[in-house]
Amino acid sequence: MEGALVARDQVGIQDFVLLDSITSETAFLDNLKKRFNENLIYTYIGTLLVSVNPYKELGIYTKKQMENYMGVNFFELPPHIYALADNAYHTMLTEMNNHFILISGESGAGKTEASKRILQFYAVSCPSTSLLDRARDRMLVSNPVLEAFGNAKTLKNDNSSRFGKYMDIQFNREGEAVGGHILSYLLEKSRVVYQNHGERNFHIFYQLVEGGEEETLRLLGLERNCQHYCYLVQGEGGTLNTVNYKNDWKTMQKALFVLGFSEKETEVRIRPVTLKKVNPIFHSIAEVERYLTAGPGCNKSSIPIVMQYLFGIIGSILHLGNVQFEADSKGYAHPASKAELRWVSKLLGVHVQVLQEALTFKKIEAKTEEVLSPFSVDHAIYARDALTKALYDRTFTWLVNKINESLENKDSTKKTVIGLLDIYGFEVFYVNSEVKNGTLPMQLFIQLTLKSEQEEYEAEDIEWEPVQFFNNRIICDLVEQRHSGIISILDEECMRPGEATDLTFLERLEERLGNHPHFVTHRLADQKTRKTMDRGDFRLLHYAGEVTYCVVGFIDKNNDLLYRNIKDVMHQAKNSIVKHCFPPTEADSKKRPETVATQFKSSLMGLTKILTAKEPWYVRCLKSNEDKQPGRFDHVLVRHQVKYLGLMEHLRVRRAGFAYRRRYEVFLHRYKPLCPATWPHWRGVPADGVERILKHLGYSEDEYKMGRTKIFIRHPRTLFAIEDAYEICKHELAAKIQAKYKGYKVKGEYRKKKEAATKIETCWRGVQARKEREKRAWAVKASEMLRKLHMRLMVRKYVRGITAAQKTQLQLKGLTSELFKGKKDSYPQSVSRPFVDTRLSEQDINMRVLQMIRHERIKYSIPVVKYDRNGFKPRPRQLILTQTAAYLVEEAKMKQRIEYRSLKGVSVSNLSDGILILHVMPDSAKKKGDLVLQCDHLFEAVTKLCVVANKRNIVKVVQGSIKFDIQPGKEGFVDFGSGQEAMAYKAKNGHLMVVSASLWCGCCRC
């Protein structure tokens, strides 16, 4: 409303609440037209949005426009459907309750477009992740699918919704759109078999015939000519320049893929047609487009199985319409040709003879036997059309349920919802053959709007002033009241014994409702009224005018019977969708099916229950003219819509004595500059601050009321005066702000200059210091040269004083470093321990052994523990290294001689143990394998071995486990680990397990 106050003198008034004359329809319409002529199609009545269809693109639905309205106060920007959607969204998040947006108006007024715009806004404005994008895509693409199957061309709209749709968008606590649910009701299934002159069947039939691929049409037995199908030519709807069925077919197919119709169908395995079975799964529109534009392996004729069943049903309906009947000599019906019947049989998956029997005979159950009663031609045509309507209606219900499965969010956490209800009021045709749902929007609006207004006044402790309006409850009761309403009388007439006709139904209405002030028939009317009615008409006096209904067809349409034997046949179908739509429990049930009127009443009652549990928002859509011409505003037509949509009543309810109401915090935040006591900050209670402002401006107490949380202002002129004062005050404040800003800017420039001068001084001092340092650089260089000379002198002195033994020790230690540094845990502790020439003297070695190796010079010897290759029993041994070989000695016995040329390698672990394994080439004579030894001085022994054998690259440090040869062809393993105590034992897996003690325990003596 704040935006409306600023713009009130530019193009009309943005909020009708600010109209001075709230009872003048002329002023209301003049304001609408003034804004319409400037392409301003949206106007508020409080929080209700009025939208006038311009029948042209205005460029007001761009992404930039969406961003402008995100998170903005409802009345801050000009009226827009994005503002309403954003305010509903943020109110839901703040209050954590459920809301719905009721979109109503005539066919062609733009309800479907408004619903799309709201969905698109939530898709862009809500937080986004890959998972949320998937849910968003599925909600968006559900529209083209539902439009294809549920929309059709009517006299007033090329894309009219022929079903009611209520969609819940589910949000989590963070405001992310995580799922949805669609509720459909009252599909106009009679349109499948009959269309009024100038109208068309549902879009899906034309999309399939005109846009379907050649291979698809061939496999469905269809031709690319709508004139060849009886169900598509009855209305003579002509061509549509506003619709491209080929593009719509592609869009609808992509939507089915995204919605999960490509996922595997498991109910029935047998397929009705021979298209290639594929079941890809897609998560986005981009993936679908890549699939449809891929190579031959993924061509467009490769239709997933579920879509095959679905298109098969659509094709079967077209073939059913071409099934004609002839009478035989007895007057019984039989198909004129079986060609079309065979296609129906193939596509539905039922035997052609069984299908023919169901369409030409009625099964009568007489106690224990069944009798087939043949149909006349008229009865056969009725049965055919009844089957067609049931097929399409139940397939549509299945389709909606399938979409709901795709949109379902299985997370059990609490969610809030925003519902979108696309419903129309009613239209005055020359002939009405159905009681429309025009009573619901007005009555629901009255209940919810008055309720919310009264609750607000009571909550704010403001006296409520009653509003005079036409209470449509009397019309609702006339149509829906139990036992005495039109629907109840119609059901009674359909179910009573004897022959019930449309005229007997009219007679019952006259008997039961003849004295009702809002009901009249040709017989009950006065002479003047009779001239405007036929004998089969009755008229209801709605709040929006008189609406006449013709009773012709009421009984048949209300019964809408489908014979039980046809249901049996459909349940046996191999098309899984058809089988699912005709459950066996229905065929077995003896209960009479609900009439159409009862279904209609139940649907509206359920819908009303859903809506009354949520907070309402309203969008009222108006047609600017009947001919869909851009820029043309038809006063008479718009006046009629304003009347039956109850916009004047809504305006009077919203005003109810006070044109403006705002929370104290919002009012104070906007108008606090008007009073010195509240500017720039008010520290007290907001209500006291608002009262100080109003008293400062000189307003009396009868011009406003102080509620508990809101200020109520009675007249628009008072509010305009406050706004004018605010506009003047803004200019004065702007001058003060400019002066403050200029002072701030000058101070900032001074501060910058001072900082720059300080930096320059710092840099200059640095330059001077560096110059001084350069002058003294010779002293630094001299010091560095002296340090190097001293180091060289110390090294030379050390080298000259070293002995041959120390040199050998250093060389050995260097080799040890190359082999083990950084590889074995115990290496650092071994560095400080010097190596010795040998660990055994000649007295320690048996004389017999010395005699055996007397020709070889002993280079090194050390006591070791040798582990048996089988069983790993430890045995003490001596390891003697000579010039040519290594000997393993047990006292006087020479256990094994290993020539250095046959030594393949030495393996040790990376832990602190003393195990080493000598890998040798197999001895073909003795068949001895590798040696597993434990040595207390491992680093010394391995280094000596590498030097004596002249093999420095044979040592391998292994982590975890070492494999060795027990004997040729048989392998053994040594596993290594760490523990508190060093030990070696045979493990259960047959390996030698060596446990190394932690280094801090001091067990390693390497």
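Just so it is clear, glycine is given a Cβ too, placed from its N, Cα and C backbone atoms.
Keep in mind that TrEMBL annotations are predicted by a computer and have not been checked by a curator.
TrEMBL tags one of the stretches 29-51, 604-626, 788-810, 880-902 as region 'Actin-binding', and that stretch is 604-626. Taking DSSP states H, G and I as helix and E and B as strand, the region 'Actin-binding' (604-626) has 9 helix, 9 strand, 5 coil. Of the listed binding-site residues Gly105, Gly108, the Cβ environment within 10 Å is emptiest of other Cβ atoms at Gly108. Annotation: Thr112 carries the greatest number of neighbouring Cβ atoms among the binding-site residues Ser107, Thr112 [cut-off 10 Å, Cβ to Cβ]. Mean pLDDT across the domain 'Myosin motor' (12-727) comes to 81 in this model. Long-range Cβ neighbours of Gly110 (ATP binding site) (same chain, at least 6 residues apart, Cβ-Cβ under 8 Å): Ser51, Asn53, Cys621.
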